[in-house]
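Novice: Pasting a structure below so you can have a look.
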């Protein structure tokens, strides 16, 4: 699509500007952003390359149970797997292996795995490892709003892109049930749910490290340890494509950020957020982890909004975009639309929630 080509031209031009700025001594502070993009991407690559190498083998293992569960819940294996796996940690590739239906691959492997899958498989385990106990309640409340907005965002995206909305609804009906259970469990502070997410996150990390061991052995000796097909070429080429794309997006976003920060007073006034809240919202568009470290400096409203956006919109121009641009560039526009519309729903939902809480507090204080 045209928008995909425009984005790639923007990012490639931004990447070139960053390197040209490096030649003249980082005069415009763009070179440092290009380098930062490579550094951030290096961390992301370390956490996903092993999974990329193993995904054909993992798909072989998961095909039968995923299809059984799909028949049981009247859904699709790609959709079910994407509820727990981030897009760049197996969600996309495994979804494509276990399903033959293109709509299911799109809904599961792209839209769900970049939101719900990323939340369960990455954001929750990381957030509860970073946040202090006194800030977890606000993160939970905000993340609940974000989780609830995921199915709504997918349905709106389906309407906008003229997909079969009834088919999409049938596919994500099970997801809606999962979202309700998650929302109820997190609201009731079922910390066993959080512990399970942490276990899942650790399991994915261990699996990735095992994959890296096998990958290293395969590269250095030319022999594969596993007697099954692995993705050697893809696990080597894909990270480089991602790194270049992310470096370019970092430079581009830096330019946009410098423009937006000048006009952030309007956003801050409308949403009544503090400066750290605005910065957190902008940073999480690339990666939600730095935003979590800003949590202590945010006001209460900022923490709730940023939590909601960490679930719906995080990494929209970060590693997720880099990954999708490398493996399936034709899906970039629908990916961006879904992430951004879900983010707008999350902001709107948070504003409504906070107004409701404010009215409840007023009634309590003025009976």
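Yeah, the Cβs are placed from backbone N, Cα and C, and that goes for glycine too.
Unlike curated entries, TrEMBL annotations are predicted automatically.
From TrEMBL, here are the annotated features:
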TRANSMEM  6-24  transmembrane segment
TRANSMEM  45-65  transmembrane segment
TRANSMEM  77-94  transmembrane segment
TRANSMEM  106-127  transmembrane segment
TRANSMEM  139-161  transmembrane segment
TRANSMEM  168-186  transmembrane segment
TRANSMEM  206-226  transmembrane segment
TRANSMEM  238-257  transmembrane segment
TRANSMEM  307-328  transmembrane segment
TRANSMEM  334-354  transmembrane segment
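Show me how these features fit into the structure around them.
Specialist: Within the chain carrying the transmembrane segment (6-24), a Cβ under 8 angstroms from the stretch's Cβ atoms is held by residues 30-31, 33-35, 244-245, 247-252, 255, 325, 329, 332-333, 336, all 6 or more beyond its ends.
Listed as Cβ neighbours of the transmembrane segment (45-65) (distance under 8 Å, sequence separation of 6 or more from its ends, same chain) are residues 77, 81, 88-90, 93-94, 97-98, 204-205, 207-215, 218, 226, 228-232, 234-235, 238-239, 242-243, 319, 323.
Sequence-remote contacts of a segment are chain residues at least 6 beyond its ends whose Cβ falls under 8 Å from one of its Cβ atoms, and for the transmembrane segment (139-161) they are 107, 111-112, 115-116, 119, 123-124, 127, 131, 168-169, 172, 175-176, 179, 182-183, 186-187, 189, 295, 303-312, 334, 337-339, 341-342, 345-346, 349-350, 353.
Counting only same-chain residues 6+ beyond the ends of the transmembrane segment (206-226), those with a CB under 8 A from a CB of the stretch are 46-54, 57-58, 89, 232, 235-236.
Here the transmembrane segment (238-257) has Cβ contacts under 8 Å with residues 10-15, 17-18, 29-30, 33-38, 40-42, 44-45, 48-49, 52, 282, 285-286, 317-319, 321-323, 325-327 of the same chain, all six or more residues outside its ends.
For the transmembrane segment (334-354), same-chain residues at least 6 beyond its ends with a Cβ under 8 Å from one of its own Cβ atoms are 3, 7, 106, 110-111, 114-115, 141-142, 145-146, 148-150, 152-154, 156-157, 160-161, 271, 301, 304-305, 308-309, 311-313, 316, 320-321, 324.
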Novice: Residue list, the transmembrane segment (307-328) vs rest of chain: Cβ under 8 Å, 6 or more residues beyond ends.
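Specialist: The answer is 8, 11, 40-41, 44, 48, 86-88, 92-93, 110, 114-115, 118-119, 123, 127, 138-143, 145-147, 149-150, 153, 238, 241-243, 245-246, 249, 252-253, 281, 284-288, 291-292, 335-336, 339-340, 342-343, 345-347, 349-350.
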